[in-house]
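Lifted from Swiss-Prot, the feature list:
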type     : residues                                                        : note
ACT_SITE : K117                                                            : active site, N6-AMP-lysine intermediate
BINDING  : D34, L35, A36, F37, D38, S83, L84, E115, R138, E180, K297, K321 : NAD(+) binding site
BINDING  : C416, C419, C434, C439                                          : Zn(2+) binding site
DOMAIN   : 596-677                                                         : domain 'BRCT'
Amino acid sequence: MSHASAAQQIESLRESIRHHEYLYYVQDQPEIDDLAFDELMRKLQRLEAEHPELITPDSPTQRVGGKPKEGFAKVAHSRPMLSLDNVNSEEELRDWERRVREQAGQNAEIEYVCEYKLDGLSMALHYRDGQLARGLTRGDGEIGEDVTTNVRTIRSVPLSIADGKLQQAKMPANFEVRGEVVMPFTAFEKLNEEREAQGLAPAANPRNAAAGTIRTLEPNIVAQRRLDFYAYFALTEKGEDAFGEQEEALDALATLGFRVNQHRHAAKSIETVVEFVNRAEEHRSRLGYEIDGVVVKVNSAVLQRRLGYTGRAPRWAVAYKFAARSGVTQVEDIQVQVGRTGKLTPVAWLAPVQVGGTTVTRATLHNADEIERLGLRIGDFVRIERGGDVIPKVVEVVDDAEHPRGTKHFHFPHACPACGSEVVRTPGEADYRCVNTDCPARLRESLLHFASRGVMNIEGMGEAIVMQLLGRGLVKTVSDIYSLTEEQLVSLERMGKKSATALLGEIDKSRQAPLDRVLFGLGIRFVGERTAQALAEEYGSMDALMQASREELERVNDVGPRVSEAIREFFDEPRNRDLVERLREAGLRFTGEKRKKTSQLAGLTFVLTGTLPGLSRDEAKGKIENAGGHVSGSVSKKTNYVVAGADAGSKLEKANSLGVPVIDEAALIKMLETEQA
């Protein structure tokens, strides 16, 4: 291939890849699947390897570069990145608006722009001749850290912007964009799954995870964690306003190819602002990322300059903060809980504190290393955080330089607090474990896990019933559940004949649970719901899985060396093989169907939104997947159907805007019945 022909093909591939990156990472509307995208990237990599002289810094293959030689350089901002003043109530918000009107003049026409306040890491991106030249953290507001090598790996950050787009957006070739780097909940959950599998403490929240990721010295790690960048401000290279209005700036940034938060609203009155804030707080739990409030800005740049700044914040903008999902309280005690796999988890018992509208009295401390990292003692004051349904976590010790008088060091036990057996710590892992397989705490947690929703789903078998069954010696392993009689259940406290009959019905129904749920219920270390599903689809039967070697297991998605070792250790233990046989005798399903390739639902992507009248979200997801379909968490052009129930949110709106078919539960059930016919 000639040099000219190679150059032409390389540029064509780059344009195609940039186009599809924009559709996927910015618009959430992919046109091709991952395999097709990967093939485009491989072709480009192959051509660039054959013609290294044609490699340019803005090529999609150059997102991941070398490590910074020595940390990150300090660089002054073109214009200070100031924090915003906060308000925490409607009254305070109205007071701010009144001050703005007084300073602007009562006759001034003022328009406000309301935007979701993303809870992430502020970032300034500098472009020279349309090319990404530098990425700076906020730092202290005056001086930030140069994290350009890491910013380049964020797929929603354009590495270059074509002249045509610059002209369309009326933006000079040299400019600055400010925005927020966030870690979506899906990426955060994946990160913590990986950390748990490695024996590490999970990250406390998406914001901390994003901040830690962007400051790592390993760009390849940043590339693996899907960070997003949302642009919200545009400046000239001299740090001056690039546009006359904030709304105009946001539209221009979207034109340039940046991801801009679509949840924004122009308001001409404080009443409209308050309405937007209230809607945002209700909408908060339905987003795929964390927000902690709403930013309200005066729209006009001229009026912004007239209002000016206080010593530390602009007068023309304010952050309305939602109810805190963090709080400060005192650690009254530290107790150790024993999980189903024998893991010992220290838990902080706290003086009651309101966090995000919930009274919190306990928070996990994960393991001994985390207590040491925090420098925590009993009696210390700590900051705790919770986001959505995440278990409260201790984030830091407040004023740890001086512990309050009377604080006590916590010493991790050398014996299991539940059974007194020896505890061990495997080299390379952070957790201590009880090795006694007959430990009552392990058995209790194993039973609760086995019966829980999402596993065998035995409704009515909660902690109170499990404790009584154990206390009376009626169950000693999970297989004993299937030997329980009505007479035994009726003898339990608060268990009449009707309740006993209902519970036995639930137990009997659980015998029909699919193979992946049975695998998940066994409690094999590191085998969660997704891994259990992958194993069931790969092997199709319990017997085939039990005979698989470590090497064979590691060919399965989601199974690495640590997981394969845990699976083999579990099935090589005679006690566990006996348990499996007793469950087989109890009538549980030990075979499963591999995903149907010719199914009517095969290859179809569904998105669930709102509350369905008859099916839970998990039940609907399971039925679709068992019929060969796929359930996604976000709507795109590739979505085939959105299944909408009551109180459907933004996913329904997006489906309507994209023309994606919307069906209700009845239509879904009809599709499933047609599939079974």
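Counting begins at 1 with the first residue displayed.
Each residue, glycine too, has its Cβ placed from N, Cα and C.
Closest in space to C419 (Zn(2+) binding site), of the binding-site residues given as L84, R138, K297, is R138, taking the CA atom of each residue. Ranking the recorded positions K117, C416, C434 by Cα distance from A36 (NAD(+) binding site) puts K117 first. Applying an 8 A CB threshold to same-chain residues 6+ apart, the list for the residue listed as 'active site, N6-AMP-lysine intermediate' reads I291, D292, G293, V294, V295, A319, Y320, K321.
For the recorded Zn(2+) site, residues C416, C419, C434, C439 set the reference point as the centre of their Cβ atoms, and the other residues of that chain within 8 Å of it by Cβ are V338, G342, P417, A418, G420, S421, V423, V435, N436, P440, A441, R442.
In the three-state DSSP scheme, L84 (NAD(+) binding site) falls into the coil class. Summary: among the binding-site residues (C416, C434), the fewest other C-beta atoms within 10 A of the C-beta are counted at C416. Of the binding-site residues A36, L84, C419, C439, C439 has the largest number of other Cβ atoms within 10 Å of its own Cβ.
According to its DSSP assignment, C416 (Zn(2+) binding site) is coil.
Classification of K117 (active site, N6-AMP-lysine intermediate) by DSSP places it within a strand. With DSSP states grouped into helix (H, G, I), strand (E, B) and coil, the domain 'BRCT' (596-677) comes out at 31 helix, 16 strand, 35 coil. According to DSSP, D38 (NAD(+) binding site) is assigned to a helical segment. When the alpha carbons of K297 (NAD(+) binding site) and C439 (Zn(2+) binding site) are compared, the span between them is 59 angstrom.
When other Cβ atoms within 10 Å of the Cβ of K297 (NAD(+) binding site) are tallied across all protein chains shown, the result is 22.
Comparing C-alpha positions, C416 (Zn(2+) binding site) sits nearest to R138 among the binding-site residues D38, L84, R138. Of all Cβ atoms in the shown protein chains, 11 besides its own fall within 10 Å of the Cβ of D38 (NAD(+) binding site). Following the DSSP three-state reduction, the secondary structure of C434 (Zn(2+) binding site) is strand.
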